[in-house]
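Single-structure report; data block below.
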């Protein structure tokens with residue numbers, strides 16, 4: 001991965017079949033028996049930090065299915081600093097080998113300008129390096145993983161209950177700085193792909209630019225409009241070969257209530273009327289509804305009944321994982337967060 005907005009340039013090899021233009025997130029995951037009500041504090045029983053982001057999730061699952069993949073994303077330089085800010089006091093007190101200059105723990109502004117000695121000593125264990133290493137371990141090209149000094153890492157705060165249901169708040173951070181200049185730098189990989197996927201955890205303008213670049217090169221496009229925005233640019237529909245959303249996103253985009261496969265079919269018809277070639281509305285345990293310009297009658301595809309572990313990654317990677325039978329027989333919540341299987 002390269003610094004200051006410049007990607008690294010390894011030797012040219014076989015073109016990636018799947019290119020994802022999207023987000024990398026640090027997932028802060030709490031497991032609890034149930035989800036809290038408004039204003040309520042409850043006890044959880046486990047917490048962990050995972051690798052996530054809608055873009056990274058899709059890319060990892062495509063790689064696990066055997067596709068040669070590449071991720072176009074933006075990650076900040078400050079990942080190591082963020083990690084150290086969480087642990088620096090403990091490290092200083094217990095380890096004695098990390099020195100801190102000019103820090104005032106009562107002043108947040110001072111924390112932002114902290115200088116750390118022994119950086120090379122702990123750098124190999126930094127969260128940022130771990131993220132990139134994790135992508136590489138999942139056989140994903142990081143040639144176009146850009147770095148920036150101008151924003152913090154994107155984060156997702158996630159609470160998961162015993163049934164695998166969740167609530168999520170994201171702060172996109174550096175993901176919003178991925179821009180059209182970065183896309184132009186990655187045109188060689190985007191234009192040679194078989195399919196390009198993107199979402200809305202990066203700026204809508206960048207996602208739209210990626211779709212247009214792929215379409216102009218004859219690359220199939222798949223768009224996941226999440227997080228959904230009601231006033232989505234009409235070009236997103238016309239530039240999407242496959243438009244894949246869940247029921248809540250379909251409601252935001254169409255204004256219709258989606259509580260059944262029949263409702264999903266009506267929403268899908270409205271979305272297809274805006275120019276999509278294929279529309280898929282996922283319904284969680286209810287399967288999905290799909291239709292296309294060539295087969296415009298909504299078709300409900302049920303799914304097998306399973307015990308949900310966490311729907312956070314599963315609903316994001318539906319387009320590349322769907323009903324593939326090669327998934328692991330035993331899955332834990334932690335295993336879903338972009339870890340090497």
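Using N, Cα and C of the backbone, Cβ positions are placed for all residues, glycine too.
As recorded in TrEMBL, the features of this protein are as follows:
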- 17-90: domain 'Carbohydrate kinase PfkB' (DOMAIN)
- 25, 26, 27, 53, 54, 55, 56, 57, 201, 310: substrate binding site (BINDING)
- 111-312: domain 'Carbohydrate kinase PfkB' (DOMAIN)
- 246, 282, 283, 284, 285, 286, 287, 303: ATP binding site (BINDING)
- 306, 322: K(+) binding site (BINDING)
Max CA-CA distance, Å, over listed ATP-binding residues 246, 282, 283, 284, 285, 286, 287, 303: 15
Protein Cβ atoms within 10 Å of residue 284 (ATP binding site), excluding its own: 16
Alpha-carbon spacing, residue 284 (ATP binding site) to residue 306 (K(+) binding site), which is rounded to whole Å: 11
For residue 286 (ATP binding site), the one of 25, 27, 54, 201, 306 that lies nearest, given that the binding-site residues are compared by Cα: 306
Stretch-averaged pLDDT - the domain 'Carbohydrate kinase PfkB' (111-312): 86
Shortest C-alpha distance to residue 201 (substrate binding site) - which of the binding-site residues 282, 285, 287, 303: 282
Neighbours of 246, 282, 283, 284, 285, 286, 287, 303 excl. site residues, C-beta within 8 Å of centre, ATP: 247, 288
